[in-house]
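Note sheet for the following structure.
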Amino acid sequence: MSNVRVSNGSPSLERMDARQAEHPKPSACRNLFGPVNHEELTRDLEKHCRDMEEASQRKWNFDFQNHKPLEGRYEWQEVERGSLPEFYYRPPRPPKSACKVLAQESQDVSGSRQAVPLIGSQANSEDRHLVDQMPDSSDNPAGLAEQCPGMRKRPAAEDSSSQNKRANRTEENVSDGSPNAGTVEQTPKKPGLRRQT
C-alpha cells in the first residue's frame, strides 16, 4: 500500500472522475476567437485573392488568368525557350513526402528494391543497359531516384549473418561438448585493468 494522502481541501478522486465524464472540457483553441463561420471565411479569402490578382494585373499589365499581355507601361514579347535559363522551364521537383512514398512503392513484397540506374560517373557498363530499357523517368518511380536523395541506389545487404554480430565466448564454454555451449556470451573486459586487492 502507498503512503499517499489526499487532503480534505481537494476533491476526492471519485468526484473528479464523475465530473470529467459529465462535462468534458471544450478545446481552448476552438473557442479562442469564437466559432468559425466557414462561409464568411471563404468569401473573404476569394475577395482577397481577387484583389491581389487585380493589383498584379495593374502593376504588370498582364492577365495572369488568360496568360495574355495587356496594354500599359510594360511591353511584353515572346522569347525562345532555349534562350532562357533552365530553371524557368524545367518541371518542379517532387515534394519530400513523394520521395518517401516512391521509396515504399519501389519495394516488392520480399523487401528488395527494383533496379535503379546510376547517373553520370557512378554508372558502370553493367548499369548502362538499364537506362536504355527505361521509357520515361516521369512514368517510372525509379527514374526519380536522382531527385529523391533519400532513396537507396542499391539494396541493403540481404545477409545479416553472425559475421557482423560477434559473440564473446569464453574458451571453456566453446570447448565444452554441451549443446548450449555456443549460446553463452560474456561481456568483454579490458586487459590490464584488474583490481588490486
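Placed from the backbone N, Cα and C atoms, the Cβ positions cover glycine too.
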Q | Residue from THR42, THR170 to which Swiss-Prot assigns phosphothreonine | A | THR170
(Q) I'm trying to understand the geometry here, so how far is the Cα atom of ARG90 (site 'Required for interaction with NUP50') from the Cα atom of THR187 (phosphothreonine), in Å to the nearest whole number? (A) 58
Q) For the recorded positions listed here (ARG90, THR187), which one has the lowest count of neighbouring CB atoms within 10 Å of its own CB? A) THR187
